[in-house]
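The structure under discussion appears below in the form of structure tokens.
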């Protein structure tokens, strides 16, 4: 009898500036194979039943295991990963809606509450997987910047949601895959083709149509929620959030599989919470919401954000990253619907045109990466 350890699945990060944060733990599907007891050839334990646990039979007796000769393998539910992606997009969109509904609470304070939820979720995983709290010495600098940039992206995105239309901020965050390709070319020397340049130009065009700077569209800009100054501040914050999120993904690629995913999330939550608390004292903005409704919204934002990350990670465990990235554009659709139904703000044709440019750009980038990975997989098989 020998103990054979299955590998852990690696979940790819998300496009709205915020990454999936859930353990690759014990779930069905590829990338989540559990430790299993396998009989050594020629050696049998007398009077003991040989058992084998695998990801698809969840601990059935080894002779009846799905991998036993002649046994039928359990078929995966087709489209389940894409359904998880849509559900994740819906939860993220509803959390953004609640953020818009909160009154008199600074975005940094909302981010601090979110970090507390993250820490409470990750801490048991760190203890269970025995990863420690600091990580390998050679990787701590990367983990620090991953935590700093990731939490910065969250704060800036929440601020953008508060001061500009929900759909506009959501659309801008979808430029993240395009900027990730550009930063990976600069820092990781990854290939950057003419198609990538074209998608980058499409994304920039979409952002310009949403921001509508006066030097291009005149001094009287219509269809803006609130003042144009707040709209411009929100646009800059959303772009900065997207660049921070793209930088985080590049750092995660650099670190690779040498650091456990839970440890990466831990740095994100701890550094984010410390930074938010310092910023709140500097800005003198630390205060609990006076309204009970706002307190409920804060809790729901944390729970919905966590649920969205869980379902996104489950989707990436059982479905290829390309289709998941494309299906995640449903974030934009949900943002438009929720904005019209609950915020009574109709998007302008400029916003719709910008959304189409950004979605086309991010989808094109995802399709290219997907086809490239499929082609490399086929070459390895040959």
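In case you wondered, yes, glycine gets a Cβ from its N, Cα and C as well.
TrEMBL annotations:
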- 1-28: region 'Disordered' (REGION)
- 80-211: domain 'EamA' (DOMAIN)
- 81-99: transmembrane segment (TRANSMEM)
- 111-129: transmembrane segment (TRANSMEM)
- 141-161: transmembrane segment (TRANSMEM)
- 167-188: transmembrane segment (TRANSMEM)
- 195-215: transmembrane segment (TRANSMEM)
- 233-362: domain 'EamA' (DOMAIN)
- 235-253: transmembrane segment (TRANSMEM)
- 265-283: transmembrane segment (TRANSMEM)
- 295-312: transmembrane segment (TRANSMEM)
- 324-343: transmembrane segment (TRANSMEM)
- 349-367: transmembrane segment (TRANSMEM)
What parts of the chain pack near the transmembrane segment (81-99), using Cβ distances under 8 Å and only residues at least 6 beyond its ends? 16, 18, 107, 110, 158, 161-162, 166, 169-170, 297, 300-301, 304-305, 307-312, 314-319, 323-324, 327-328, 330-331, 334-335, 338, 342-343
Quick one: do the transmembrane segment (324-343) and the transmembrane segment (167-188) have at least 3 Cβ pairs under 8 Å, skipping pairs fewer than 6 apart in sequence? yes
Counting Cβ pairs closer than 8 Å, which of 141-161, 195-215, 265-283, 349-367 has the most of them with the transmembrane segment (235-253)? 141-161
Helix, strand, coil: count each for the residues of the domain 'EamA' (233-362), based on DSSP. 110 helix, 0 strand, 20 coil
Across the domain 'EamA' (80-211), DSSP yields 110 helix, 0 strand, 22 coil
Sort out for me which stretch, of 141-161, 167-188, 195-215, 349-367, has the most Cβ pairs below 8 angstroms to the transmembrane segment (111-129). 141-161
When you look at the transmembrane segment (265-283) alongside the transmembrane segment (167-188), do they share 3+ Cβ pairs under 8 Å, ignoring any pair fewer than 6 residues apart in sequence? no
State, in range form, which of 141-161, 195-215, 265-283 has the highest count of Cβ pairs under 8 Å to the transmembrane segment (349-367). 195-215
